[in-house]
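**Student:** Quick paste from TrEMBL:
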type	residues	note
DOMAIN	187-249	domain 'Methyltransferase type 11'
Amino acid sequence: MTIIRLGFNVSQRSPILAGAYQCRSSITCATDSGHYFSRILKKWNRGGSRTPRRVLLGLGVSFWAQLMSMAGSSSTVGGKSFIAFARQKGVVEEVLKNVQWPEQFPFKEEDFQRFDETPDSLFYEQPRFVTHIDDPAIAALTKYYLKVFPPSNMPGVSMLDMCSSWVSHFPAGYKQDRIVGMGMNEEELKRNPVLTEYVVQDLNVNPKLPFADNSFDIITNVVSVDYLTKPLDVFKEMCRVLKPGGLAITSFSNRCFFTKAISIWTSTGDADHVLIVGSYFHYAGGFEPPQAVDISPNPGRSDPMYIVYSRKLSTA
Ligand SMILES: C[S@@+](CC[C@H](N)C(=O)[O-])C[C@H]1O[C@@H](n2cnc3c(N)ncnc32)[C@H](O)[C@@H]1O
């Protein structure tokens, strides 16, 4: 079985694809996920720990979807479509329960390669005043934020929206003394009404966050974690700049700028993505065990939306 690796040559030949917004469903994304993860799982097992059933369940979603789409079958199991199965609320929430992580970070350098390895500053040179998920998914995210964010205008609260743009999807009228946006396009960040300041920085070139230790109560990252090629460095930095007990919230759907997303993301499905982001928190260290929430508003009818979150340990 060939593992899909997105290489340099192809990327440079296909700059037009860079604007495409693909990766729409577990099935189209999960080109080789089952086999990829079965390798990882084998490795985990070799390490002596039995893979928990629940992890297999989560990974099984993309594995079976991939297997069936490759076989050209009608993609059904027990009369249920695999997409419907993957989108059953709660399936991805199981993925991070009782994970027995391998001792070492299980991903390799090639897992973080992209189809388009040209500088990200080129790709993000022009502003995109668009939204990257549909309205129901945005509404679900905003509703989730309303539930977990500190009340608006709370003295002393500082927030950081990483991989930000002209929108942060915060609740309407939400304010804090300090809300920093970090992103790649200054025009977009300038227009973001919720930000009190912004920083343009390519995290794939410089993952060091330009903030003091223990600065932020909340860090958000919306539909962008899949573009990070040095995620462990970035997550370590997130831990450093969070206040003890501070909350980091990553959210993602099943869409991406395919050519700019890392290969381990484009070759796997939704449940795998939860595990991948969970692993970033786990191996960065200093965080509580990460948890997943499925906030998909209308499973199967609008964009799915997943949250993987964790708090900085109070002792870190
Ligand atoms: C799909 S957009 C999402 C923007 C915004 N979070 C939203 O929800 O609309 C991806 C964002 O990731 C950010 N990004 C991509 N590559 C990056 C990099 N190398 N360093 C920092 N930010 C990056 C860009 O600023 C871009 O706005």
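Using N, Cα and C of the backbone, Cβ positions are placed for all residues, glycine too.
Because TrEMBL annotations are produced automatically, they should be read as predictions rather than curated entries.
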**Student:** Summarise the domain 'Methyltransferase type 11' (187-249) as counts of helix, strand and coil residues per DSSP.
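**Tutor:** Helix/strand/coil tally for the domain 'Methyltransferase type 11' (187-249): 19 helix, 19 strand, 25 coil.
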**Student:** Pop the mean pLDDT for the domain 'Methyltransferase type 11' (187-249) in here, whole number is fine.
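**Tutor:** When the pLDDT values over the domain 'Methyltransferase type 11' (187-249) are averaged, the result is 98.
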